[in-house]
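Colleague: Before I ask anything, let me first share the structure, which is written out below as structure tokens.
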Amino acid sequence: EILGALMSMIIVWMVTGVLTYLACMRLLHLDYDIDATVMLITSACAVLTNILLSLILHQTGHGHSHGAQAWGVSAPLEKPALSNASLRAAFVHTIGDLFQSISVLISALIIFFKPQYKIADPICTFVFSIFVLTTTITILRDLLTVLMEG
């Protein structure tokens, strides 16, 4: 469980690193073209998919039962899903993907309406990459604490 969660966090950091590198290359070499329409459609689909996946991961084992009390049956409360390190890491991974997708969507909207502002793409990548990395530090610290105790 812990190793799976750690792997998820490492993947988030690696993808963020690659995106940041590509954003740097775009800033250094401004001779790139962006198809804003394709970017807009793809990022909108990614945002919707990540929202759906986030909701599914967050609702898994959400800490209460449905209907057992109405029938007079005593049912124990389920363990909250986000206390499971793997699910928590997957949830944060999905949130990170969601924020990266939102970054691309914002960039696509800017570029779609103002093509001369294509520099918005690398700038949004930097801003949202910083946000993703700062939100994953807590989980990474928790995972490393558990591994070091083991």
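Placed from the backbone N, Cα and C atoms, the Cβ positions cover glycine too.
I grabbed these lines from TrEMBL:
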- 1-148: domain 'Cation efflux protein transmembrane' (DOMAIN)
- 6-24: transmembrane segment (TRANSMEM)
- 36-57: transmembrane segment (TRANSMEM)
- 90-112: transmembrane segment (TRANSMEM)
- 119-140: transmembrane segment (TRANSMEM)
Colleague: Take the transmembrane segment (119-140) and find every residue of the same chain, 6 or more past its ends, with a Cβ under 8 Å from one of its Cβ atoms.
Modeller: 5-6, 9, 12-13, 16, 19-20, 22-24, 26-27, 30, 34, 85, 88-89, 92, 95-96, 99-100, 102-104, 106-107, 110-111
Colleague: Across the domain 'Cation efflux protein transmembrane' (1-148), what are the DSSP residue counts per state (helix, strand, coil)?
Modeller: 118 helix, 0 strand, 30 coil
